Each structure stands twice: as C-alpha cells, then as structure tokens.
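Everything on this sheet refers to the single structure shown next.
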Amino acid sequence: MQRYHKPTETFESVRSTIQPIAMSALVPMSLEEQQIPDMRGTLSRSGSSSRDVGEGQNPEPPSPSSGRGIKKRRESGSEEEQSALVSFEESSSSSLTADPPPHPSSSPPSQPQCCPSAPGSSVARCCHGGAKMAALAYNLGKREINQHFSVRNAKALALAAVLLLSVCHAVSWGFFRGEGTCEYLISSGRFLGENVWQPYSCMMHKYKSSEAKSCFAEQHVTFVGDSRIRQLFYAFVKILTPQYKEEGNKHENIYFEDKAAMLKIDFLWHPEVNNSMKQAFQSLSENDISKSTMVIAGAATWSIKINNGSRESLAQYKVNMTAVAPVLENLAEVSQVYWFLQDPVYEPLLSESRKMITNDRIDAYNDIAAGILNGTTRKSQSKVNIFSVSRLISEEIISKSFDGLHLPEPSKDISAMVLMNAFCNKIVNPIDGSCCQPTPSLTIIQKLAACFFIFAMIAFVLIIVQRNKHRRNKQCNDIESGEEKKPATATPAASSLENLLFSLSKLGLIMAYFYFCDRANLFMKENKFYTHSSFFIPIIYILVLGLFYNENTKEAKLLNREQTDEWKGWMQLVILIYHISGASSFLPVYMHVRVLVAAYLFQTGYGHFSYFWLKGDFGIYRISQVVFRLNFLVVVLCIVMDRPYQFYYFVPLVTFWFMFIYATMAFWPQILQKTANANSLWNVGLILKLSSALLCIVFLSYSQGAFENLFSLWPLSKLFELNGNVYEWWFRWKLDRFAVFHGMLFAFIYLLLQKHQMLFEGKTEALFSTKVSSVLLFFSVVSFFTYSIWASSCKNKSECNEMHPSISVVQILSFVLIRNIPGYARSVYSSFFAWFGKISLELFICQYHIWLAADTKGILVLIPGNPMLNIIVSTFIFVCVAHEISHITNDLAQIALPKDRSALAKRLLCIAGFFCLLLILSALQNT
C-alpha cells in the first residue's frame with residue numbers, strides 16, 4: 001500500500017531541500033565558498049529534471065533525407081505507428097501528475113566544476129549556474145508536490161467534498177425538497193440579468209400558451225384585490241392568450257373564459273381588506289358549482305390613500321386582516337391561496353394625491369398581513385401562501401413605473417410566471433422547471449439496479465473480510481507449528497471476481513451521486529443565463545493554461561496521438577463552457593461549436609478508417625471492445641436516470657458511424673493497405689467503395705420518409721426514438737452527415753501520400769516543400785477566417801444548419817493544415833488539453849447530470865450564494881468522477897470481453913439476454 005507523508009513533513013522536506021539551492025542562486029559567493037558540483041550531484045541522485053526525462057522519451061526521428069531509413073520506416077507499418085491512428089473513443093486514461101517519474105538510467109547534464117577566474121566572466125557564469133540550479137530546484141519541488149497531489153488523492157478529496165456537501169444539504173434543507181421549493185419560489189430570488197429572474201434553489205420554466213392551457217384546462221382561477229392585482233390578472237391571462245387586450249372598466253369585476261380549454265379566470269374588484277372582501281372569500285369557499293382551484297388576493301395601498309396614511313387606518317387594517325384570516329384558511333382547504341404582499345412604490349414619481357403612500361407605510365401594512373397569516377394559531381395543513389417575491393422583483397425595476405405606483409411590465413410578467421410555476425410544475429413536469437416538482441418515484445428498473453449495486457458492494461466486502469480472515473488464520477497456524485518466518489512475498493493479485501465487484505461497487509456509488517444530483521432534489525439547481533463574458537472569459541483562461549503546459553511529442557507525424565488527444569481536449573472544454581454558459585442562444589458561437597462536433601466525427605472517420613486500412617482487424621472482439629467502451633456509461637445512465645438511449649444523442653451518433661465505417665471496410669471486397677501495395681488498382685476500388693457509401697448517405701439525407709421508416713422498425717425504434725418518434729435522431733444525424741466521410745477520405749489521401757514518401761514528417765521541417773507549404777498555409781488561414789466571418793454573420797439558424805454539413809469541412813481541414821504543416825507545431829502539444837482529451841467522452845456524458853442539471857437545462861448548485869466557488873467545486877468533482885468512470889469502463893471491458901472466441905461468444909449471449917430482459921421490463925413498466 002502506498003504510504004503518504006504528513007503535509008507538514010512534506011512541506012518541511014521540500015523547504016529544506018530547496019532553500020539552500022535558492023540561496024546559492026541569490027547570495028554572491030567566492031570561488032572557495034562554492035559547492036556547485038556537490039550540490040548538483042545531490043540533485044542528480046534525487047531525480048532528473050522533467051526536461052531531461054522528456055528528451056530521453058522523445059528522441060529525434062530520422063531525417064527524411066536519409067532515404068532508405070525513411071522508406072523502411074514508412075513501409076514497415078509498425079504497430080507503434082498504426083496505433084497512433086485510432087479514434088478518440090479508445091483513448092486510455094492518464095494521470096494528473098504533470099511530470100513523469102525520472103527514468104532510473106537518466107543522468108544529469110554535465111556541469112562545469114568551477115567558475116572561471118576572470119571577474120566579469122566569473123559573475124556571469126555564477127549567475128548562469130545559479131539560474132540552472134533554481135530551475136532544478138523548481139522541478140524537484142514540482143515533482144515532490146505532484147507525488148502527493150496525484151489522481152488518487154484528488155479523487156479522495158472529491159469524495160470527501162461530496163460526502164460533506166451531501167450531509168450539509170440534507171441537514172439544512174431536508175433530504176428531499178420536492179414541493180418544498182415552492183416556498184423559495186414565492187419568497188426569494190435574484191436577477192441574473194435584465195428581466196431574467198432566478199428563484200432561490202430551483203429552476204423556473206417559461207410557460208408557452210399551449211402548456212399553460214393544458215395545465216389550467218377545466219380550472220377556475222380568481223384574483224381579488226386592487227389595481228395592482230388587476231395588473232397581475234392581465235399578465236396572467238396574456239400567458240394563456242397572448243393576443244388578449246385589456247378591456248372593461250377599471251373599478252369593476254372582469255371575467256375571462258376560454259371555452260375551448262374550459263377554463264375561467266376572474267378578477268373581483270375589492271381594493272380594501274374589509275367585510276366586502278371577507279364575503280367574497282366566503283362565497284368562493286361555499287360555491288360547489290364553480291370552485292376556484294387558485295385564489296390570488298392582496299390590498300393595502302387604497303386604504304393608505306383614502307385614510308391619508310393615518311395610524312387609525314393601520315389599526316383597522318389589522319382588525320380586518322384578523323377577521324379575514326380564518327375565512328382564507330377555510331378557502332385554502334379546497335384551493336391554493338396566495339396573499340400578495342404590497343410591492344414598493346417609486347416615491348419621486350407619485351402624484352400629489354398619492355404622496356402619502358410611502359414605502360415605510362407599505363412595510364408596516366405588509367408586516368401586519370404576514371404576521372397574522374403566518375401566526376402560531378394558523379393551521380399548518382391549510383396555510384395561506386405569502387407571495388413576497390414580487391416585492392424583491394419590484395425593488396429592482398419599480399423606477400421604470402410610469403406613475404410610481406403601478407407595476408412596470410417586467411415586474412408583473414415575472415410575478416405571473418412565478419404563479420404559473422407554482423401551480424403547473426407538478427402537473428406539466430417541465431424538465432427545466434424544478435420548482436415545486438416532487439421527487440419522481442423509482443421505476444422497477446431503477447429499483448432492480450439499486451439492488452444489483454448494493455449486492456455487488458456487499459459481496460465485495462464479504463470477499464475482503466474472508467480473505468483477511470484466511471490470511472490471519474494462516475499466520476496463526478504457522479506460529480503454532482513453530483515454523484520459521486518466511487521472507488515477505490508480494491501481495492497476491494486480486495482475482496477477476498474481486499476486481500469485477502470492486503469496479504461495480506465504485507460504479508454504484510458514482511451512480512448514487514448522479515441520482516442525488518439530478519433526480520432526488522438533494523442539491524439545488526439554477527437556470528442558465530448567457531452573457532458574452534460568461535463564455536469568452538473562461539475560454540481565455542483555458543487557452544492560457546493550455547499554452548502554458550506544452551511538451552514535445554513522441555513523434556512528429558501528422559495528427560499523432562498526442563495531437564489528437566489535445567484536439568479532443570480543447571474542443572471538449574469549449575463545448576463544456578458552451579453548455580454551462582447557455583451560449584446556444586448566441587448564433588455565431590452555436591455555429592462554431594457545431595464545427596467542433598463535426599470535428600469529433602471527422603476524427604472518428606479518420607481513426608477507424610486508418611485502423612481498418614492498416615491492420616485489417618474485422619474480428620468480433622474489435623467491434624465488441626469499441627461498442628462497449630462507447631456505450632457502457634450511457635446504458636448504465638439510461639437505467640439509473642430513467643432516460644432513453646437517444647437522450648444522450650452523441651453516443652448513438654458515434655456508434656452508428658463506427659458501424660457504418662466497419663460495414664464499408666469489411667464488406668466484400670475487403671480492400672486493405674497490403675492488397676493495395678500488391679496492386680495499385682485496388683486504390684481505385686476503395687474510392688468506388690467510398691463513393692458508394694457517400695451515395696447511401698446522400699440518399700438517406702434527402703429521403704426523410706425512408707430514414708424514419710428504417711429506424712422506426714423494432715428493435716431499432718427502442719434505440720433511436722425520443723418522445724415517440726425518430727425526428728430528433730434524424731435531425732442530429734443529418735446535421736453532420738458528411739463529417740465521417742470527410743475523415744475517411746482524408747485518412748486515405750494522407751496514408752497514400754505517406755506511402756509514396758511525399759510528406760516530410762521530421763520535427764523541424766515543414767510537411768511539404770517550402771513553396772507548397774507556404775501556399776497551403778496561406779489558403780488555410782484565409783479559409784479558416786472566412787468560415788468564421790460567415791458563421792458570425794449568420795442570421796437564421798435553420799438556413800445555417802442546412803449549409804453546415806457541406807462547408808464545415810473547410811474549417812476542419814484548415815485547422816488540420818495550420819496545426820500540422822509547420823514542423824515545430826507538429827512536434828509540440830499541450831499536455832493540459834491532451835489529459836482532458838483522453839476522457840473527453842466521459843466528460844461529455846457526465847456533464848448531463850453532475851455538472852449541469854435538469855438534463856443539461858440548468859446548472860447544479862452545490863454551494864449556494866457563491867457562483868464562482870460553486871463552479872470550482874462542482875467542476876473539480878465532475879472531472880474526478882469522469883476520470884474514475886473512464887478507468888472503470890476500461891477495467892470492465894477487459895473483464896467482460898475476453899479475447900478467447902468461445903468465451904467472448906458466451907459473454908455476448910449473456911449481454912444479449914440482459915438487453916432482452918431490459919426490453920421486457922421496460923414494456924411492463926410502460927403498461
């Protein structure tokens with residue numbers, strides 16, 4: 001077991017090592033006082049610098065001018081070269097450690113034994129030597145830090161944070177908030193931007209007319225109060241019927257009815273809390289023919305005005321509220337009752353006849369109403385809801401009022417939408433409206449999944465306990481028999497069953513975190529709100545970080561493994577920022593992100609084509625490994641989170657295109673590199689196969705009916721349907737339909753050029769001749785920015801989407817050439833981006849539930865009240881979880897899919913049986 005030092009000991013050891021080195025660089029010394037050789041010897045024994053290790057691991061490749069060596073290297077098709085041409089779905093996970101551990105055989109560079117005797121030269125050389133030692137000290141300190149801040153420690157810290165936050169939220173807010181968020185919806189919140197309201201702890205849905213009518217069908221809503229309540233009545237009706245015009249006399253009752261939806265909405269003019277209002281409430285509670293399902297009431301400003309703000313009127317208001325309260329309680333037993341506290345006024349705009357309506361007097365009236373309705377004598381089951389959030393809304397925008405008293409348009413519209421959410425969310429269940437929604441009940445499949453993971457955890461614990469017990473008994477028997485103690489041997493490797501149960505146990509805990517984040521309402525959620533700064537500032541941050549962490553590549557080949565990992569990494573980070581910032585509402589950003597998705601598919605075509613072309617491995621093991629690694633996490637999430645397979649659209653898309661590439665390359669005639677080497681006419685045959693594949697794509701893209709009929713067949717419909725149809729799958733497939741073909745074609749042209757030695761892939765030389773490289777670079781830069789200008793000037797999303805499949809390849813190829821034509825650009829890569837690229841698929845899928853929320857419609861809030869700290873903590877946990885899932889997927893793939901054909905066939909039959917069982921349970925669940 002790895003032993004970890006205490007933090008204080010680690011800090012002291014680092015400081016004691018670095019301090020004398022730093023002092024040697026800063027304090028002038030005479031020749032007699034210098035001990036540079038001894039110090040450097042100490043450093044070399046401690047470990048070499050990362051630069052030395054990097055140079056040892058990345059030797060310079062043979063020069064292209066060496067002819068025979070290059071030809072032999074290019075034609076050999078060695079396994080190391082070919083392995084760099086696999087697609088991004090198979091990237092293995094890596095460590096968080098910035099520098100690799102030193103190689104045992106590495107030695108420090110030779111150093112001078114002393115400084116020269118000449119005074120000027122002495123000072124210069126001593127400073128230079130001090131700078132080198134400072135660099136060595138920095139690398140030593142960095143390695144020491146990396147040794148203790150490893151992936152394992154980061155994950156342990158993330159686990160501790162999850163446990164602590166879960167306990168805090170469960171204790172502070174209740175384990176399952178559910179409808180408890182209604183209290184926060186109507187009492188607190190803040191503005192995210194202009195006229196964009198964010199309730200505290202939950203997400204507010206913006207209802208459309210059709211949704212609102214569906215919610216209030218056969219319902220009766222009543223508004224009772226003064227002119228401000230009348231304003232709210234109009235705003236509420238306009239959500240249901242946007243074309244409704246404000247008609248009728250101001251100081252009388254107003255009635256609205258939608259006969260098609262069989263709903264009625266009434267406004268009863270009662271500007272004062274008096275006996276007249278009390279009788280109105282009594283009639284509403286006693287009317288059995290047309291009971292109101294929701295009642296909204298409020299009044300006070302009229303009393304202040306007609307009584308000139310006297311203290312007597314305030315006392316009378318208290319008496320009247322005390323008399324009205326029991327009637328409201330009785331009404332609350334059969335209806336949802338909301339009492340609106342009075343919104344503030346903008347005193348500078350009040351007319352002379354309203355000058356007595358001050359905010360201080362309004363606060364006094366609100367205190368009386370809230371105190372009486374929330375008093376200790378009130379019945380908890382028939383509580384009248386105090387609607388106080390409108391006061392917070394009006395405080396921000398009451399200055400826009402036309403007379404200082406009546407509410408501006410945004411204020412009453414937001415209040416009306418809050419009412420819609422309070423009543424309708426539990427009925428309509430919108431994805432992006434978590435306020436007032438109860439926790440969904442567990443399905444049969446979810447319950448079985450929970451039992452399965454619990455069983456795996458119990459079995460793993462029993463195996464560990466049994467193994468330790470057996471080991472202790474064996475030691476006791478050895479001591480009793482008087483046998484000499486044998487030398488300690490290495491701990492025996494864990495069995496496959498133990499590894500399987502351990503991986504499933506970890507996966508079960510992670511899935512519990514997923515469920516609590518996005519289904520159980522344990523943590524808060526907030527709506528997205530796009531601003532240019534929320535998108536572009538994080539982009540600049542990650543760009544600086546990515547440029548700071550750069551290293552040499554192992555080889556300078558076009559699109560080498562490190563470079564493709566880097567490419568996937570920065571694209572994935574941009575997509576994550578795009579999702580969390582809500583940048584899809586800004587069309588230029590949307591169009592550029594669409595190119596990034598197309599680039600992922602381009603890499604899929606490039607990588608899988610290269611693999612099949614070079615290796616010709618069409619075995620079932622290869623297919624099983626790729627499909628398993630792509631789909632494992634999504635299948636588990638479909639079970640645990642109760643979501644259809646098509647919901648995680650990118651995985652079905654990539655899986656489909658992998659099978660498309662496989663079919664294109666595997667079906668007769670199989671044309672591979674070795675057959676094309678024997679006869680160049682086979683290259684023409686491959687072009688014909690690719691052309692046939694392109695024709696199939698074109699046919700399906702222009703025949704929506706044939707496409708939908710094909711994918712609506714059972715059992716394909718279970719994989720590709722969303723909300724009962726395959727339109728979403730059609731839209732996603734059509735949007736990037738040519739990207740994979742472009743990747744395959746590019747890979748074929750590249751490998752053909754490489755075979756005929758028309759490329760120069762040395763670390764310091766351009767990919768083509770100087771003239772050709774200059775011309776291609778110029779056109780690539782022009783094409784790259786031309787596409788960006790076009791995308792930035794795009795005005796209509798549907799029209800731009802129609803053009804995107806055909807022209808996205810322009811920017812992709814431009815980027816590839818800009819990144820690969822210069823030799824110095826091919827020979828370096830960003831290790832920061834590459835690290836994220838190796839877990840890009842897991843990052844993309846995990847963001848749905850543990851970084852974003854409400855199935856990507858909102859943002860997960862682990863730490864309320866501090867958005868910056870919340871995003872830091874949630875991102876840290878999210879990345880650690882994605883990295884761990886990547887490891888679990890790799891481990892389970894090795895266990896579940898053996899290379900032996902007979903064993904693999906049995907496992908695949910078991911997997912097929914599992915999916916048949918899922919289909920049966922799903923059918924039973926939906927009946």
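Cβ atoms here come from the backbone N, Cα and C positions, even for glycine.
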Which range is transmembrane segment per TrEMBL? Of 151-171, 529-549, it is 529-549
Going along the chain, which residues at least six beyond the ends of the transmembrane segment (500-517) come within the CB cut-off of under 8 Å?
162, 166, 449, 452-454, 456-457, 459-460, 463, 494, 523, 636-637, 640-641, 849-850, 853, 860, 881, 884-885, 888, 891-892, 895
Restricting attention to the domain 'NXPE C-terminal' (197-270), give the mean pLDDT.
93
Looking only at the domain 'NXPE C-terminal' (197-270), what are its DSSP counts of helix, strand and coil residues?
21 helix, 21 strand, 32 coil
